[in-house]
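Chemist: Swiss-Prot lists Gly109, Ala110, Thr111, Gly112, Ala113, Gly114, Lys115, Thr116 with the feature ATP binding site, giving sequence analysis as the kind of evidence. Residues annotated as compositional bias 'Acidic residues' in Swiss-Prot: 451-461. The compositional bias 'Pro residues' feature in Swiss-Prot is assigned to 577-588. Among the features that Swiss-Prot reports, compositional bias 'Polar residues' is placed at 664-673. As annotated by Swiss-Prot, domain 'Kinesin motor' applies to 7-351. Under the heading phosphoserine, Swiss-Prot lists Ser404, Ser452, Ser480, Ser558, Ser633, Ser639, Ser662, Ser822. Per Swiss-Prot, the feature phosphothreonine maps to Thr417, Thr674; the stated evidence is a large-scale study or a structure entry. Annotated region 'KIF2C-binding' per Swiss-Prot: 711-736, in sequence order. What Swiss-Prot lists as motif 'Nuclear localization signal' is 624-632, and the listing cites a curator's inference. As annotated by Swiss-Prot, motif 'MAPRE1-binding' applies to 653-656, 774-777, 800-803.
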Amino acid sequence: MAVEDSTLQVVVRVRPPTPRELDSQRRPVVQVVDERVLVFNPEEPDGGFPGLKWGGTHDGPKKKGKDLTFVFDRVFGEAATQQDVFQHTTHSVLDSFLQGYNCSVFAYGATGAGKTHTMLGREGDPGIMYLTTVELYRRLEARQQEKHFEVLISYQEVYNEQIHDLLEPKGPLAIREDPDKGVVVQGLSFHQPASAEQLLEILTRGNRNRTQHPTDANATSSRSHAIFQIFVKQQDRVPGLTQAVQVAKMSLIDLAGSERASSTHAKGERLREGANINRSLLALINVLNALADAKGRKTHVPYRDSKLTRLLKDSLGGNCRTVMIAAISPSSLTYEDTYNTLKYADRAKEIRLSLKSNVTSLDCHISQYATICQQLQAEVAALRKKLQVYEGGGQPPPQDLPGSPKSGPPPEHQPCTPELPAGPRALQEESLGMEAQVERAMEGNSSDQEQSPEDEDEGPAEEVPTQMPEQNPTHALPESPRLTLQPKPVVGHFSARELDGDRSKQLALKVLCVAQRQYSLLQAANLLTPDMITEFETLQQLVQEEKIEPGAEALRTSGLARGAPLAQELCSESIPVPSPLCPEPPGYTGPVTRTMARRLSGPLHTLGIPPGPNCTPAQGSRWPMEKKRRRPSALEADSPMAPKRGTKRQRQSFLPCLRRGSLPDTQPSQGPSTPKGERASSPCHSPRVCPATVIKSRVPLGPSAMQNCSTPLALPTRDLNATFDLSEEPPSKPSFHECIGWDKIPQELSRLDQPFIPRAPVPLFTMKGPKPTSSLPGTSACKKKRVASSSVSHGRSRIARLPSSTLKRPAGPLVLPELPLSPLCPSNRRNGKDLIRVGRALSAGNGVTKVS
């Protein structure tokens, strides 16, 4: 236990003047300034009342100093009550007493100063001993359920330097020194009262046995020093193998007053009693002086000069919190006694005390273990019973907050629109709740999708947007304009009463309107990115599917048809790329970077989304093949890395796949639709979805990384002899508006003015427009010859974006044959006529032919 340093607390109480002092008509020598300051022998005011005698033969100011100021911890005036003194002395000490600290309160002063009145009181006005006992038992009863208490009391007096037991009167008792208990009185009786009333009865009986004799100074003068001690032993009620026991002692001491034989006119026995009283008080003063002068030095303290000081050894300078009550008289008749009392009280303030809680750990015997276990089990059972009562009676009913996500499936009439509170963190949490509702909606409509072939084609597309908010939750909230242009059908599913009860749905509709305006502003400023467009379409598709009830397939078809203007609007900024594999409506044709490809393919591959219905085993088996990389040449090792990230590599044509019948027949486009339908029905070779211009696809080159925004950038002139690393697999997701046939090639190429850059060392065609896809077989045989290529790519391909207003889309399909990579390749000789025909077409379209 840590040691706490403290000082002796000193309070001063000024008693009211007695009738004898009032009759003497002497001026008071004590003036109370405030609660802590008093002035001894203040200056006499000028112009006193006539007839009053302020002087005399024993007038103090003639011998002592004037106007002395004393500061104490507390000063009580003549009007102070017993309760006031108790509240500022023993009441605060009881807190430390119950924490295991020893405490002591003693009254010091001259005879007739009011010490016994302060400590004992009278019938109608009890003193500190009575009030302390009542307050102590009140606090013990308040802690009865937590701890077990035992109270012992003893009452003794020091009369003529002899110790007597006031509760069981007998002969003088000897005093002993115990190494563990300290100073003990041999043969002193200890009593254990059962209640506060019984303790007060014991105290009253002891006071009757105390020696009191009247003197000229005091009619009820105490001729002995009374010491009333209370011992409290407390320990926790929770049993254990080791228990902490606290034993504290409180001493309430009523000292006898110092007296002068000249004033008391004592003779015989009274004179001897007065001499012994003064002797013990003188020893007490010497102890106070020694303790005050110590200040950390090890000096001798004369405790053995008197039995009183031996009994008060631990209360004055030991492990005890001590309060000294100095009682004084305001009359000048006791001028010297009052001065001495104030002087010693002021000296006692410098006494420093070291406090330590008396806590002892006791180990229980092994024979008590069974009893301790039973007590612990009984306590656990009682606590469980209380807990059940509290939980049964005090549990608040669960509140259904409108913003909290529902754990059950959503109703049929409720659209899957999340509740969107304000704040970015709340928006991110709401996107997760939207995903859970979409998954439950997908499970509920799985039976309808199996019955309809159109739903089977759209099945994979419905699963893809379910996981899209996980890839970029910060962009999962904006929505396409088509979603918010139709708020009335969504609200129509609710009745008037449900709309009044669930305002969160109205809030969701307002947020969707805000998303519409954001989408329009971003599109007008050309700030839309492919991720944002995909997420807008994802949220649009989710809300549209939630609105469609089971069995309303006609509404779903019409809903997809209404999405055509939006798809055209989203794809109007990109150039359509012809390809022979365009069996589905067009989708997004913007550039897709590697980061976008990894973000799209990673989660879908992990989720195991099945391929589309058009996938064949022959095509699906080509994906697990290991990629074949071309060894870079010495010059290419020094080229910058940026152009390589946007290049592609051609391996072999996919026209033999058409001849083998592994791909479906090309059908003319019936009209544009949303990208979700196109993405669902496009050829897929694995659960992983790859964008159109990723390095593993076969579509023509897309714009560079600097052209991801819709506004074309003016790039500086770069080397056109760029080496492109194209994929060997067919595209997993064509992203074109329409399919163009062979008969439309001259017309289509005549409108394109972007330079076309094939691989060196073959004829280089500079043109406007995208690079035709490879369609001739046998290109894989030239792989070893292309390794020795010395062309270095120092620039990027510049493919201009034509505005949507100037772009005319042919209706027929366009199928371009694959250009030979080298004129020396024997496998390409049979296609010479096709090469010449394409070259003429390119020349007719303002193309420039260069032969290396």
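In case you wondered, yes, glycine gets a Cβ from its N, Cα and C as well.
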Chemist: Restricting to the region 'KIF2C-binding' (711-736), report the mean pLDDT as a whole number.
Modeler: 51
Chemist: Using DSSP with the three-state reduction, classify Ala110 (ATP binding site) as helix, strand or coil.
Modeler: strand
Chemist: Between Gly109, Gly112, Gly114, which of the binding-site residues has its C-beta surrounded by the fewest other C-beta atoms within 10 Å?
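Modeler: Checked Gly109, Gly112, Gly114; of these binding-site residues, fewest Cβ neighbours within 10 Å: Gly114.
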Chemist: Under a three-state reduction of DSSP output, how is Thr116 (ATP binding site) classified: helix, strand, or coil?
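Modeler: In three-state terms, Thr116 (ATP binding site) counts as helix.
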